[in-house]
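Asks: Got a structure for you, questions after.
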């Protein structure tokens, strides 16, 4: 009963070179992301059995497992779409206006988002989201794969700050990885 599937990348593994290597993209997509998909599907199957058995202790644990793995799947699915071999530069149109309105300029947004990403302790994601209450764009840190997403926000741009996203290319120099993302 596989509900979730690994999405195909909209570009070849090597398409983001020299900024992100084909090797890291293949490992990141085919191993890490695929593991989250498999974990989410396994948790769903086990949840069904635990619910039928009325095993509430197992349900609590499996719901946590589902949240973690589904978070990993969704975060990566957004991340792949945020990257492009034709990327770099400043956004245009409605997004450019929203960034200017919320942060003052693209350069100020870029500085804030970069600081947000580099300020993550441990594993997580740097996120630009639309706040449906204020109508503004906001940045926040997402720890691990889930858990502290502000209610009413819609993620627009995310950068994976887990070591598996950059370590093969950038070792422990996260700043160089984040700089490369802007390309």
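Just so you know, glycine gets a Cβ as well, placed from its N, Cα and C.
Unlike curated records, TrEMBL annotations are generated automatically.
Straight from TrEMBL, here's the annotation block:
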BINDING   28, 76, 160, 164  Mn(2+) binding site
DOMAIN    4-84  domain 'Manganese/iron superoxide dismutase N-terminal'
DOMAIN    91-183  domain 'Manganese/iron superoxide dismutase C-terminal'
Asks: Counting only other Cβ atoms and using a 10 Å cut-off, which of the binding-site residues 28, 76, 164 scores lowest?
Replies: 164
Asks: Determine how many residues of the domain 'Manganese/iron superoxide dismutase C-terminal' (91-183) DSSP places in helix, in strand and in coil.
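Replies: For the domain 'Manganese/iron superoxide dismutase C-terminal' (91-183), the helix, strand and coil counts are 39 helix, 23 strand, 31 coil.
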Asks: Using Cβ atoms only, which residues of the same chain lie under 8 Å from residue 160 (Mn(2+) binding site) while being at least 6 residues apart in sequence?
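Replies: Listed in sequence order: 28, 75, 76, 79, 125.
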Asks: Beyond the listed site residues 28, 76, 160, 164, identify every same-chain residue whose Cβ lies within 8 Å of the center of their Cβ atoms for the Mn(2+) site.
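Replies: After dropping the recorded site residues, what remains is 29, 32, 33, 79, 162, 165.
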Asks: What does the DSSP secondary structure composition of the domain 'Manganese/iron superoxide dismutase N-terminal' (4-84) look like, as residue counts for helix, strand and coil?
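Replies: Secondary-structure breakdown of the domain 'Manganese/iron superoxide dismutase N-terminal' (4-84): 63 helix, 0 strand, 18 coil.
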